[in-house]
Each structure stands twice: as structure tokens, then as C-alpha cells.
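Taken from TrEMBL, the feature domain 'EF-hand' applies to 10-45, 46-81, 87-122, 156-191, 192-222.
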């Protein structure tokens, strides 16, 4: 099948996982009803007509269901029926569902701690600090709209911090010198007196070095 050519082993295994998970009756094929559930859980909002059209286009043997090979072909990653924007929105919906552990339609501060710590190396305190910034109505949780703004900004900030850290941590020791961190802040036009305050706050053990966690905390305050 042509859809397999550009797939990594990880992507194929991910599709196998989804196939097994949503083959609800365990008959080894995916029905139209099951396919709709698959797309919903992958973050795509599809009408009945769209689902039927995708099923028809990929049901090669025309038996009204999809084998695993046909299922792979039908997936958004291998389909020309989805725009880059639709892929981006779907990815954000998947991320929201991942954070919204109890499925009640909002992300609480508690729900976000574990994933933010695992995915972006933020401490619980840093997570709360960031979430409060985007919790516009102050109810202690993020709606989908608030979450999109929060995650987009935080992910971009985390990527920027990781890139900066790697540039300075040339020996791979997992730390950077305070002086190097000061240079970063000067490039960001932070006044020297504010830099000294930040150093005092975030070099917890006063060793003249910032561990990655300290470096993250350091730059999150800029």
C-alpha cells in the first residue's frame, strides 16, 4: 500500500494500537461507526458524509469495513483530504484530551502538572505559575480555548529554553554557568539589577551553575 512508504516503525505501531483499540467488537476490521470513533479520538471532527466518503475511498475490497492495510490508507497522515491547519487543530485537540484526564471538558491545574513535568521538564510550581497566566476567568482550570493559547505559548517557550540551554551546555554536563545565563538575559535586554535578583532567586545551591530545572525557572521569569 502506498501509504506505508513514508511511515516510520513508530507510526505503524501507533496505527496498530488505534486499530486494536477501536475495533470494538474484535472482528479484525474497522466499521464506519468504529472509524468515526477513531477520528474523534485523534482530534478530527468529521461529519457522517465525510466518514462514509473516506470509508468508500479506502475500502478496496468493498466489503463495508477496513482491514488494517486499508485503515492505514484512510488515516489523516496518508490522506490528501486534510489541510495542514486541520492537522494542527487535531493535534491540539489530542493534546487537550491527553491533559483532560477525567474528560470533563476542562484542564485543571492538577491534571496539567504531571504532563508538563514529563513533557516540558517544568516543576509543579512552574506549571501553576504559567497556567494562572492563561486562566483568564480565574476559575482554576483551562477551557479548550484557554488551553490552546496556554499550550502554544508554553511549548514555544520551552523549545526556546531548551535550545538556549543546549547552546551553552557545550560539554553536556546538564548545567550552565551563571555568567552564561546572565549573557542570555542581557541579549534579551533585561536590566542588570533584575538579572542579579533572578540569579539570587534561582541558583538554589549557590554553586555558580544553573541546572536545567533552575535554568527553566530562571528564563520563565523573564
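Each residue, glycine too, has its Cβ placed from N, Cα and C.
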Next item on the list: Determine how many residues of the domain 'EF-hand' (87-122) DSSP places in helix, in strand and in coil.
Entry: 25 helix, 2 strand, 9 coil
Next item on the list: For the domain 'EF-hand' (87-122), would you mind checking the mean pLDDT of the predicted model?
Entry: 82
